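Feature annotations, courtesy of TrEMBL:
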DOMAIN    10-124  domain 'Casparian strip membrane protein'
TRANSMEM  12-34  transmembrane segment
TRANSMEM  54-73  transmembrane segment
TRANSMEM  94-118  transmembrane segment
TRANSMEM  138-162  transmembrane segment
Amino acid sequence: MEANQATSKGSRTVVLVLRLLTFVFLLTALIILATNTATVETTDDYDKIKFQDFIAFRYMIATIVIGFAYNLLQTTISIYNIVTGNRLLSGDAGYLFDFYGDKVVSYLLATGAAAGLGVAKELHPFFTDQLELPLNKFFAMACASGSLLLLGFITTAISSVFSSYALPKKAPPSPCLELQPETGSRDYVAEFHKQLLH
């Protein structure tokens, strides 16, 4: 029993460390991208380029903000779990929230990183051939922000693995997953149809 509690406390600590790392990665990515600007000289004036000028960077910052808010909430919940030894969301709700929240947010972070890194990689050669130095720094900073977002995705995905392992141990099994007595195998389709018809 004590070994099981130590393992549980150890995994909660690992999850907290992962959430803190994600918090740092996303905060840094947000600051870098939000403050990233470049001033370029045009034929008759100076133009200031910001992340808002690119749809992919706007999507990237939206995913950072969503991931940051979710991670801030989860970090608070993790600290509460470790300090008190109790879950803030009791019953299955907490485990389901962790499971689905980690999955959705990790996919959002991955798509945000892909969009930001993709547009920076595609547009950097085009603009630097035309305008040179100011945009080199702009796209380098966008790539740095995208790389940090990618690291945030990785730490959230690892945290998602922990929530995946915790779910079957704590949540009740679905009736669809019960073993069929005559064959000893799981008949998902038959159980699903039975549930639909009743």
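Including glycine, each Cβ sits where the backbone N, Cα and C put it.
TrEMBL: automatically predicted annotations, no manual curation.
With DSSP classes pooled into helix, strand and coil, the tally for the domain 'Casparian strip membrane protein' (10-124) is 91 helix, 10 strand, 14 coil. Sequence-distant contacts of the transmembrane segment (94-118) (same chain, six or more residues past either end, CB-CB distance under 8 Å): 26, 33, 56-57, 59-60, 62-64, 66-67, 70-71, 74, 77, 87-88, 142-143, 145-147, 149-150, 152-153, 156-157, 159-160, 163-164, 166-167, 170-171.
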